[in-house]
Ligand SMILES: Nc1ncnc2c1ncn2[C@@H]1O[C@H](COP(=O)(O)OP(=O)(O)OP(=O)(O)O)[C@@H](O)[C@H]1O
Ligand SMILES: Nc1nc2c(ncn2[C@@H]2O[C@H](COP(=O)(O)O)[C@@H](O)[C@H]2O)c(=O)[nH]1
């Protein structure tokens, strides 16, 4: 839900100004699937490409899904202040390159980030105007089915991701809006409406 500005105060985001939307939610809920569906229909919608120390999955390409870097490369990004936010998630580090995000916001273009809960919290602290959207599964059983069915992680990594998922699900009230990913088509349309509205 959107917090109303206290009486007599200007809302944090002036009407008509595009802003930063953060999509978060437990691993396997369908964030990438929903964003990919949305961007097939709206290729003009810009999604930040994160840096990560995770190894590429089959089919993933450097600079497309992620910028794949080693630990030393990630350390350098942090040391140089090049990340808007970063977090360790299930044994790997992930971070949002700061420059491209700020340049687009300065040009008045909407920005979409797909990041974990820790990152969402950092963005909220740094950019209070950001809209935080939580993507929730229809049920815990369905989340486990999706994460396992994706077939991209070994069982011990799935366990770590499910442990993180319990923490992320408990943090849902921190978000401005919750969307339930029952249907990719339906939830993509809901997300588009949120990203497009100012
Ligand atoms: N609405 C849906 N109904 C059924 N399956 C879905 C739905 N949305 C996504 N999936 C499937 O769930 C699996 C996980 O989706 P996806 O990889 O997009 O999740 P994610 O939230 O991006 O995960 P991660 O945070 O680990 O990157 C995929 O196999 C995808 O096809
Ligand atoms: N805090 C950040 N989290 C990020 C970023 N990019 C992706 N993520 C999140 O990491 C997990 C795992 O992703 P996966 O591709 O290994 O499945 C997931 O929740 C992503 O949303 C980032 O830049 N910062």
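Cβ atoms are placed via backbone N, Cα and C, with glycine included.
Taken verbatim from TrEMBL:
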- 25, 26, 27, 28, 29, 30, 31, 32: ATP binding site (BINDING)
- 18-196: domain 'Guanylate kinase-like' (DOMAIN)
- 1-28: region 'Disordered' (REGION)
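Structural mapping of features recorded in TrEMBL.
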residue : record           : Cβ within 10 Å
25      : ATP binding site : 28
26      : ATP binding site : 27
27      : ATP binding site : 21
28      : ATP binding site : 24
29      : ATP binding site : 27
30      : ATP binding site : 24
31      : ATP binding site : 20
32      : ATP binding site : 14
- Task: Enumerate in sequence order the binding-site residues 26, 27, 28, 30 whose Cβ-atom distance to ligand 2 is under 6 angstroms.
- Result: 27
- Query: Near the ATP site, what residues other than 25, 26, 27, 28, 29, 30, 31, 32 in the same chain have a C-beta no further than 8 Å from the centroid of the listed C-beta atoms?
  - Reply: 135, 137, 143, 146, 147, 181
- Note on the structure: Among the binding-site residues 26, 29, 31, the ones with a Cβ under 6 Å from any atom of ligand 1 are 29, 31
- Item | Conformational class of residue 27 (ATP binding site) under the three-state DSSP mapping | coil
